[in-house]
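I have placed the structure first, in the form of structure tokens, so that the comments after it can refer back to it.
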Amino acid sequence: MASSTHQFMRPGIQHAALLQLRTLFAFLLISSALVAANEAKIANEADSRQQCSGMYSRRDWGGSIDPYIKVDLSKPSTATSTESSVVSLVIFEWTDVDYIGLNTGQADGGKVYVCDKAAIDSKYCSEDNYGQFLLQGSTNGSIASVFTKALTLNGDESQSVTYDVRRTGFYCVGSYALAADEGYAGTVNFQNAFGKLPASQIAKLPFYGGLAIAYAVVLAFWMFLYVQYRSDILAVQNYITACAAFLAIEMVIVWGYYDVVNTKGHTVFSRFYMVFVAILNAFRNAFTFFLLLIVCMGYGVVKPSLGSTMTKCRILAGLHFVFGVVYAIASFLVTPDSAGPLILLVILPLAATMTAFYLWILSSLTSTIRDLTERKQNVKALMYRRLWRLLFASILIIFGFFFVNSLIFADRNSPDFIPSHWRSRWFVLDGWLNVVYFFDFLVIAFLWRPTRDNRRFAMSDELAQDDGDGFEIASLAGSLDEEEGIGAGRQYDPVSRRANPYDAQGDADSLAGSLHAGPTPYAEDGREGSAGQVEIVEGKGTGNGKGKEVQKESEEAERETMFEAPDDQYDRWSEDDDLDEDIGEATLAPKKKEPGKDD
């Protein structure tokens, strides 16, 4: 990526001034907007006399041509003088910068950088070197050799210089007019072997290609489960499906943008393409916040509908999308240097909607966990606690990465900072956030993945025991009973249930009463559910009969739901085999009439 740097030094400049200018050069590379193109303008202006860019050798990255740097210079069209002018040109790899300039041998440590008339009179160079940059010693042992030449510009004629790049490095092109009032202008083309994409961005091509493949794999696994359990899909899972499909398509489009730029360069089409990618990115951010918000509200798992709250969520997401598009377009049209106070009209609305999302998400997640905990919905509460841990871990990772970057950027004033970090700068600014986003989405998709009977389990409630020793599941086993042709049992009032329904001393009636068809979890909100009822069977036979098979089948269905609890939760759901057998016999076997007693 090409970038403007400091003005080249005039003859007789002090060594201390050189260090200051090198420091200024590094600061400008960090704080100014970098030229995102293979070509950069060069002119007799303070911020355009030098251009730099990282470059890969053909051996390191591959490609169809040998990489090179081509400089084209000519007099500007506004020049009034018809006399020829001399422009000093130097091309070097950054590690060779100390070779540029000739030590004067004086106590002040001054250097002479250009062979002009004053340098010739002082015997620092000869007439043959007039207009060239002076070099300190030999550069044979350096990473890349330093090339210097004096270009004579006449009229409208242009002068071209080509420099072959044989090793990977950070290369700079510097220019200097011997007559300060003489103008010149031209272009510097940093042509890499792989194409027209800047070397500092070429790593984005395989990166976004890999992300596209990763999202496609996630989408494939998700769709496999989605189709397999399509009859039990929750409403929130439809939103996750749409998000997964969008992310896979978006990554392909982003990868396509960098491929187009690498092949065709920065054309009118690529600029429209870039705006389209920015709009997609704004939509992804809004959709992600919206999806995370309704998930934290318990949509589809704790609540079957959000009512008017869903409309408010959509309005907030729409506003965030609109403000994101406005911000993206403004960032293309307005440079940081020309941005005034009016830029706040673009930034503040986007910041406001983002803050609203953050606060609403955190408060909703906290409220959902608290509600599930108070109602002793342990399995669902565990699921949302995992989501909270995921968000908390992501925040820690982001702040941790920013802290590490702060330590790294503390050395940004060093002249060698940008030349040492140009290959990894893209990942610091963009890449790692995409990695965190991918793993966050992957975990959420795993927690909310489609499973067998997940709708029925999501619409059920855990019934906490008074003594806290265990709980029952008001599962929707009624449909299973209907498939088995079992008659309906009697309902049980939760208020009057026994402290321990599994007490082996209890009679069959009290034990059967502990197995009930309780209301759906929405009964507290005054809404009627469509859940079936657990049916109590009174028939012939022992616990090895059909009733126990129904109980076992129901337990297996519950274990395979989307809310997979750890093993200790399963232990709480079922007693040991002997106790199950006693319960089955007490429930399913008819009472035997005692001798001597009438019916």
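Every residue gets a Cβ built from N, Cα and C, even glycine.
Keep in mind that TrEMBL annotations are predicted by a computer and have not been checked by a curator.
The annotation compositional bias 'Basic and acidic residues' is assigned in TrEMBL to 546-562.
What TrEMBL records for 574-584 is compositional bias 'Acidic residues'.
Residues or ranges marked as domain 'PTM1-like N-terminal' in TrEMBL: 49-192. With DSSP classes pooled into helix, strand and coil, the tally for the domain 'PTM1-like N-terminal' (49-192) is 18 helix, 59 strand, 67 coil.
Residues or ranges marked as domain 'GOST seven transmembrane' by TrEMBL: 204-454.
Among the features that TrEMBL reports, region 'Disordered' is placed at 486-599.
If you look up TrEMBL, you'll see 1-37 marked as signal peptide.
Summarising the annotation, TrEMBL assigns transmembrane segment to 205-227 (among others).
What TrEMBL records for 239-258 (among others) is transmembrane segment. Remote same-chain residues near the transmembrane segment (239-258) are listed as 197, 201, 204-205, 208-209, 211-212, 215-216, 218-219, 222-223, 226, 270, 273-274, 276-277, 280-281, 283-284, 287-288, 291, 294, 441, 444-445, 448 (criterion: CB distance under 8 Å, separation of at least six residues from the stretch ends).
Same-chain neighbours of the transmembrane segment (273-302): 234-237, 239-240, 243, 246-247, 250, 253-254, 256-257, 260, 309-310, 313-314, 316-318, 320-321, 324-325, 327-329, 331-332, 354, 357, 360-362, 364-365, 368, 371-372, 377, 380, 383-384, 387, 437, 441, 444, 448, 458, 521, counting only residues six or more beyond its ends whose CB sits under 8 Å from a CB of the stretch. The transmembrane segment annotation in TrEMBL covers 273-302 (among others).
Annotation source TrEMBL lists transmembrane segment at 314-336 (among others).
Sequence annotations record features per position, and here TrEMBL assigns transmembrane segment to 342-366 (among others).
Under the heading transmembrane segment, TrEMBL lists 387-409 (among others). Outside the transmembrane segment (387-409) by six or more residues, the chain places 30, 295-296, 361, 365, 369, 421, 428, 432-433, 436, 440, 443-444, 447 with a CB less than 8 A from a CB of the stretch.
Per TrEMBL, the feature transmembrane segment maps to 429-448 (among others).
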Beyond the flanks of the transmembrane segment (205-227) by 6 or more, those residues with Cβ under 8 Å of it:
197, 233, 237, 240-241, 244-245, 247-248, 251-252, 254-255, 258-259, 262, 427, 431, 434, 438, 441-442, 445, 449-451
